[in-house]
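Notes to accompany the following structure.
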Ligand code: PCA
């Protein structure tokens with residue numbers, strides 16, 4: 001059976017001129033692998049507005065799976081996120097100058113949502129292709145966590161069975177010419193995201209392998 005995967009990527013923020021999340025997911029728009037059809041949309045790095053655009057994209061595409069992607073500058077691996085928390089706390093302003101502190105995303109919502117994606121499987125499959133990947137247990141408290149929490153909140157209310165989650169990705173090399181920070185090539189990121197889509201489409205359940213962080 002055909003499965004449609006909606007990817008989102010963000011516009012550049014924090015003084016960067018590109019955002020690898022959009023650079024990667026835009027290459028997947030219209031891409032098909034087996035019975036998996038991929039589409040992509042850009043969302044703004046803006047609290048609330050990012051969620052409005054995401055809701056519209058879900059309505060427009062009617063996907064089976066939603067994978068939101070964002071830049072996590074400084075990370076060395078492709079990191080599918082485990083948890084979204086009900087908190088907006090911005091160390092820098094978003095692209096429209098919003099800088100919330102100590103605010104819930106949804107005042108009546110739960111403290112956190114788990115991902116709806118088989119993230120351990122996704123990590124294993126990406127690593128099999130020689131690309132560094134690891135589960136992450138925090139998506140931060142900025143717009144990425146906001147979008148991830150809002151996505152899971154929306155999916156929990158919709159009558160349809162749509163699964164969703166979030167993947168953070170590192171800088172691409174051109175962003176690190178003037179700073180000492182790790183990066184991954186865009187080609188590897190695109191390949192990893194394709195693997196994530198195909199793996200999520202093929203499996204609802206996750207594998208039960210060891211994981212966790214000590215700190
Ligand atoms: N990364 C930011 C927001 C947009 C993006 O690509 C974050 O991690 O919150």
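Backbone N, Cα and C define each Cβ position, glycine as well.
Pulled from TrEMBL, these are the features on record:
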- 81: active site (ACT_SITE)
- 144: active site (ACT_SITE)
- 168: active site (ACT_SITE)
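Other Cβ atoms within 10 Å of the Cβ of residue 168 (active site) number 24 in total over all chains. Secondary structure at residue 81 (active site), taken from DSSP and collapsed to helix, strand or coil, is strand. In this structure the C-alpha atoms belonging to residue 144 (active site) and residue 168 (active site) are separated by 8 Å. Rounded to a whole value, the Cα-Cα separation of residue 81 (active site) and residue 168 (active site) is 7 Å. For residue 144 (active site), the count of additional Cβ atoms within 10 Å of its Cβ stands at 24 [all protein chains shown]. Its own atom aside, the Cβ of residue 81 (active site) has 25 Cβ atoms within 10 angstroms in the protein chains shown.
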